[in-house]
Amino acid sequence: MHFRAITRIVGLLVILFSGTMILPGLVALIYRDGAGRAFTQTFFVALAIGSILWWPNRREKGELKSREGFLIVVLFWTVLGSVGALPFIFSESPNLTITDAFFESFSGLTTTGATTLVGLDSLPHAILFYRQMLQWFGGMGIIVLAVAILPILGVGGMQLYRAEMPGPLKDNKMRPRIAETAKTLWLIYVLLTVACALALWFAGMPAFDAIGHSFSTIAIGGFSTHDASVGYFDSPTINTIIAIFLLISGCNYGLHFSLLSGRSLKVYWRDPEFRMFIGVQLTLVVICTLVLWFHNIYDSALTTLNQAFFQVVSMATTAGFTTDSIARWPLFLPVLLLCSAFIGGCAGSTGGGLKVIRILLLFKQGNRELKRLVHPNAVYSIKLGNRALPERILEAVWGFFSAYALVFIVSMLAIIATGVDDFSAFASVVATLNNLGPGLGVVADNFASMNPVAKWILIANMLFGRLEVFTLLVLFTPTFWRE
């Protein structure tokens, strides 16, 4: 294990991260909201930490293998999440405990969107901008992590793809080097962000809010600059714009890359994961619209459809924006939408959850077993697109599902043990392990009422969800540390 080379990389990341404090610092200057000191302090502290880690090891160029890759990925999120908590700790408004500061930082960086803050409308603009920025940078990291790095390590939904499928693979990357891949992906990411911000601005959203919500929309994060979330703007047009960009961001970025490379829009519909993703969204929209209309929750059919469309896409893509309190909806719908987050977005997207591709393969395997009951001697292969998948891939899906279920059950029991009621414990684990954000019960609006121990468990869940479980679990195996 090349610890010095790993330390050099982590130090460099912290130095780069310190530079991002300049942006909220400028916002503090523009709005004169008094929050600039917190970001100035964080800049110098982060720069010092990064320099201490990087300078003594700056000439270490040891060849990094997959084991080092796992450790670097985990350290990337844990170290930056910890440094990201500093502005919340240094800031006088909001006055957060250390636990809440870490919760807010990790929630932002992992694009979970769960919050302990109340009174967002009265917070300094710089703090509000910083929360949105955390999610946006987290989303940039997720795209490269999901599409370029984890497949090389043999982890993540993208490893399920093979040569004829769009997107980078272990044996067929978009670009020969991660740096090249990252540049292409980030270009797409930035273009989508600019397009989203302009669309929201033209729809009547103030410039500050438009930029902030474009950050959290493209990152599928869910943080807002207002307590009422997107409902603050009370605009069906804004609801529709955000929902459309959430759907775009919930797609595999490999498909966006294919379109950017000159291929036709048909590349999307040829992808079985994309077809299932859209199918799930449409089915949920129809169900929600019919139930809301039957119960006369809204005055008109158009309002009902708009609210159903927005809320379904927001929850099912794991963004977690709200336009209305879904607690006043028939209980069936909030629970259905919470469970839809288990499916989440496509592999290679900023969405959370199990990922559509895994759910698709689980269904295909279930269907195969039913056929085998009728024809025990028949040989059935499972295909993705036009290619039969090897059993090793299918075993990996079941392995991931088992590990995910184990983490889910252990987390829920641990939170119940801290004194949280069972329904709220279930909802909080669903919201954090799937990187969704809002839950039900005592965490329907925010997580401020959760006890400190439960919050640390939920922080761990955010990391498990964002790092696709195995990336974090492998560090706890003796084999990983054995030379």
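Each residue, glycine too, has its Cβ placed from N, Cα and C.
Among the features that Swiss-Prot reports, transmembrane segment is placed at 3-29 (among others).
Summarising the annotation, Swiss-Prot assigns topological domain 'Periplasmic' to 30-35 (among others). Across the range of the topological domain 'Periplasmic' (30-35), the DSSP-based residue counts are 2 helix, 0 strand, 4 coil.
The transmembrane segment annotation in Swiss-Prot covers 36-57 (among others) and is backed by similarity to another entry.
Across the topological domain 'Cytoplasmic' (58-65), mean pLDDT in this model comes to 74. Annotation comment: Swiss-Prot describes 58-65 (among others) as topological domain 'Cytoplasmic', evidence class similarity to another entry.
A Cβ distance under 8 Å defines the sequence-distant neighbours of the transmembrane segment (66-90), meaning residues of its chain 6+ beyond its ends; these are 1-2, 5-6, 9-10, 13-14, 17-18, 21, 24, 37-39, 41-42, 45-46, 49, 96, 98, 100-102, 104-106, 108-110, 127, 130, 134, 141, 145, 149-150, 152-154, 463, 466-467, 471-472, 474-475, 480. According to Swiss-Prot, the feature transmembrane segment maps to 66-90 (among others).
Note on the intramembrane segment (98-109): residues 77, 80-82, 84-86, 88-89, 115-117, 131, 134-135, 137-138, 141, 221, 223, 437, 447-448, 452, 455-456, 458-459, 462-463 of its chain, located 6 or more positions outside it, place their CB under 8 angstroms from a CB of the stretch. As annotated by Swiss-Prot, intramembrane segment applies to 98-109 (among others), with the evidence given as similarity to another entry.
With a cut-off of 8 Å between Cβ atoms, the residues of this chain six or more beyond the intramembrane segment (110-115) that come close are 77, 81, 103-104, 135, 138-139, 142, 216, 219-223, 319-320, 350, 352, 431-432, 435-439, 443, 446-447, 458, 462-463, 465-466. Positions annotated as intramembrane segment by Swiss-Prot, on the basis of similarity to another entry: 110-115 (among others).
According to Swiss-Prot, the feature region 'Selectivity filter part 1' maps to 110-115, an assignment based on similarity to another entry.
Taken from Swiss-Prot, the feature K(+) binding site covers THR111, THR112, ILE220, GLY221, THR318, ALA319, ASN435, LEU436. DSSP classifies ALA319 (K(+) binding site) as coil under the three-state reduction. Less than 8 angstroms from the CB of ALA319 (K(+) binding site) sit GLY113, SER216, THR217, ILE220, GLY221, GLY222, LEU246, VAL313, LEU436, GLY437, each of them six or more residues away in the same chain.
Sequence-distant neighbours of the topological domain 'Periplasmic' (116-124) (same chain, 6+ residues past either end, Cβ-Cβ under 8 Å): 28, 31, 33-35, 91, 93-94, 96, 100, 103-104, 224-227, 446-448, 450, 455. Per Swiss-Prot, the feature topological domain 'Periplasmic' maps to 116-124 (among others); the stated evidence is similarity to another entry.
According to Swiss-Prot, the transmembrane segment annotation covers 125-150 (among others), on the basis of similarity to another entry.
The feature topological domain 'Cytoplasmic' is assigned by Swiss-Prot to 151-177 (among others), with similarity to another entry given as support.
The annotation transmembrane segment is assigned in Swiss-Prot to 178-202 (among others).
For 207-218 (among others), the entry in Swiss-Prot reads intramembrane segment.
The feature intramembrane segment is assigned by Swiss-Prot to 219-224 (among others). Residues 107-108, 111-113, 115, 120, 131-132, 134-136, 138-140, 142, 212-213, 230, 232, 246, 249-250, 314, 317-321, 345, 349-352, 436-438 of the same chain lie 6+ residues outside the intramembrane segment (219-224) yet bring a C-beta within less than 8 angstroms of a C-beta in it.
Residues or ranges marked as region 'Selectivity filter part 2' in Swiss-Prot: 219-224.
The Cβ centroid of THR111, THR112, ILE220, GLY221, THR318, ALA319, ASN435, LEU436 marks the K(+) site; residues of that chain outside this set whose Cβ lies within 8 Å of it are THR110, GLY113, ALA219, GLY222, THR317, GLY320, THR350, GLY351, GLY352, ASN434, GLY437, given in sequence order.
Between the intramembrane segment (235-250) and the intramembrane segment (433-439), the number of CB pairs under 8 angstroms, six or more residues apart, is fewer than three, so the stretches are not in contact.
When the region 'Selectivity filter part 1' (110-115) is classified with DSSP, helix, strand and coil residues number 0 helix, 0 strand, 6 coil. In sequence order, GLN135, GLY138, GLY139, ILE142, SER216, ALA219, ILE220, GLY221, GLY222, THR350, GLY352, ASN435, ARG466 are the residues near THR111 (K(+) binding site), counting only same-chain partners six or more apart with C-beta under 8 A. Counting Cβ atoms from all protein chains shown, ILE220 (K(+) binding site) has 30 others lying within 10 Å of its own Cβ.
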